[in-house]
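Engineer: Quick one: the structure is below, and I'll ask about it shortly.
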Amino acid sequence: MDVHKEVNFVAYLLIVLGIFLLVSVVEHVDAKICTKECGNLGFGICPRSEGSPKNPICINCCSGYKGCNYYSVFGRFICEGESDLKNPKACPLNCDTNIAYSRCPHSEGKSLIYPTGCTTCCTGYKGCYYFGKNGKFVCEGESDEPKANMYPAM
């Protein structure tokens, strides 16, 4: 009779541990589910960090992207970009020689996504702006950008 109680206790304990593991795994899965149809997007732009003190960029605060910060060769903050990709400003094309590089919040991957392939607003990356084939703003991406390639090429 004691063996039967011990087996029941062990079985109960295994079930509780299994449920705990299942719940913890489910909490870490991205709950965003996107449909599989392809979007009809023309291109995407993702503001990225560019330049360095040794390799400066040619830009000015007006044409710099909102959300990106611009710095001098010495690392001194110059400005935040003023141009909104959804509604671009008419800016002069001159280079601000005080600006050497930018730091943007999303800095993985390419700045220009063309062609977009089967990207939709749902599968597009947060912080990236997607435009139709006519060049008009469609949406901002909704999915988190992968941090690293989990399956490197063999």
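Every residue gets a Cβ built from N, Cα and C, even glycine.
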Engineer: Which cysteine out of Cys118, Cys121, Cys122 is the one Swiss-Prot pairs with Cys34 in a disulfide?
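Structural biologist: As annotated by Swiss-Prot, the paired cysteine is Cys122.
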Engineer: Tell me whether Cys95 (disulfide bond) sits in a helix, a strand or coil according to DSSP.
Structural biologist: coil
Engineer: Using a 10 Å cut-off between Cα atoms, which of these disulfide-bonded residues sit near Cys91 (disulfide bond): Cys38, Cys61, Cys79, Cys122?
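Structural biologist: So far as Cα distances go, the disulfide-bonded residues lying within 10 Å of Cys91 (disulfide bond) are Cys61.
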Engineer: Quick one: of Cys34, Cys38, Cys95, Cys104, Cys139, which disulfide-bonded residues lie within 10 angstroms of Cys61 (disulfide bond), measuring between C-alpha atoms? Sequence order, please.
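Structural biologist: The disulfide-bonded residues passing the 10 Å Cα test are Cys95.
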Engineer: Would you pick out, from the disulfide-bonded residues Cys61, Cys95, Cys121, Cys128, the residue whose Cβ has the largest number of other Cβ atoms within 10 Å?
Structural biologist: Cys128
Engineer: Do you know the DSSP helix, strand and coil residue counts for the repeat '2' (88-147)?
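Structural biologist: For that range the per-state counts are 0 helix, 15 strand, 45 coil.
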